[in-house]
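Here is the structure we will look at.
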Ligand SMILES: Nc1ncnc2c1ncn2[C@@H]1O[C@H](COP(=O)(O)OP(=O)(O)O)[C@@H](O)[C@H]1O
Ligand SMILES: N[C@@H](CCOP(=O)(O)O)C(=O)O
């Protein structure tokens with residue numbers, strides 16, 4: 001499909017045609033229980049986009065895989081939109097652009113697909129820019145977080161491993177921490193979607209101080225459990241800030257989490273849901289969690305995908321091909 005570019009920016013510098021960039025970005029699981037809008041883990045599932053500046057005016061978009069029959073194939077495509085706005089912020093535009101996307105991260109399931117699309121767009125645009133106008137790593141993190149609205153998915157998507165993120169005076173920042181090698185993420189992904197926007201709408205504006213205090217304790221314990229001592233994962237993944245409020249929008253996820261936690265597993269909603277994340281302590285615990293998930297889902301008549309994943313250690317990758 002080919003469309004015209006939206007209004008060209010007056011005074012913007014035109015990028016040369018023939019620049020080609022490939023970006024690969026991992027899925028992410030945010031919150032991990034009590035780390036609402038601050039903790040996120042990079043996972044071994046990847047989306048790839050290839051972007052080329054062209055001499056022919058307009059935008060062409062090809063999409064394969066997840067969301068191929070749902071996402072728009074024009075300048076409103078999230079990756080294209082992000083590329084154009086990042087270029088525009090730096091004072092640049094293009095005559096034409098071709099994007100081809102291979103999507104593996106499912107959309108609207110709480111595995112960071114929109115964050116991956118935004119990270120792809122910002123990194124692709126940044127690689128297309130002349131050196132002197134590129135954003136540095138801290139600026140990329142802030143730009144991606146501001147577009148996504150929260151930093152907990154984009155930070156691990158960019159840097160890999162576990163990301164602990166926060167905001168100071170309107171600037172998003174993040175620290176990366178190495179996840180203990182025994183931690184094995186297992187996800188159960190439903191067929192149905194729940195948009196993050198809708199799930200955020202279910203949250204209260206305030207919570208009592210004692211709830212916030214209880215949550216702080218678990219979030220602090222979770223960082224220790226994930227990096228130093230996975231035996232604390234079941235207690236460390238207990239959340240008091242978001243899951244109960246969102247449970248009515250994902251009753252099957254809530255029931256599966258309850259079953260896993262009752263059996264001693266560290267289970268939580270992945271991101272804003274409805275995917276369920278279990279952080280198993282070692283390979284045999286991961287196999288037991290997979291079995292329990294499969295049994296519970298079969299008993300409930302639910303047809304979900306259960307996947308054992310790895311922790312992605314390095315985050316997004318960019319390759320530049322000048323033609
Ligand atoms: N690779 C992609 N290409 C284009 N749009 C995307 C892509 N990934 C996600 N999106 C957009 O983001 C929406 C999902 O975002 P969101 O509700 O935040 O869920 P998720 O938990 O998957 O990030 C999709 O419905 C789609 O509009
Ligand atoms: N902290 C956010 C995380 C959203 O993650 P997503 O993968 O569902 O986009 C939230 O809980 O709203």
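Don't overthink the numbers, they just go from 1 along the chain as shown.
Any Cβ shown, glycine's included, is placed from N, Cα and C.
What TrEMBL says about this one:
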type    : residues                                              : note
DOMAIN  : 78-160                                                : domain 'GHMP kinase N-terminal'
BINDING : 106, 107, 108, 109, 110, 111, 112, 113, 114, 115, 116 : ATP binding site
DOMAIN  : 240-292                                               : domain 'GHMP kinase C-terminal'
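With a cut-off of 6 Å between Cβ and the nearest atom of ligand 2, the binding-site residues 106, 108, 110, 112, 116 reduce to 110, 112. Around the Cβ of residue 106 (ATP binding site), a 10 Å sphere holds 21 further Cβ atoms from the protein chains shown. Taken together, the residues in the domain 'GHMP kinase N-terminal' (78-160) have a mean pLDDT of 97 on the 0 to 100 scale.
Look at the Cβ of each of the binding-site residues 108, 110, 112 and count the other Cβ atoms within 10 Å; the largest number goes with 112.
Counting Cβ atoms from all protein chains shown, residue 114 (ATP binding site) has 20 others lying within 10 Å of its own Cβ. In the three-state DSSP scheme, residue 110 (ATP binding site) falls into the coil class. Cβ proximity to the ATP site centre (mean Cβ of 106, 107, 108, 109, 110, 111, 112, 113, 114, 115, 116, cutoff 8 Å) flags the following additional same-chain residues: 27, 105, 271. Other Cβ atoms within 10 Å of the Cβ of residue 116 (ATP binding site) number 31 in total over all chains.
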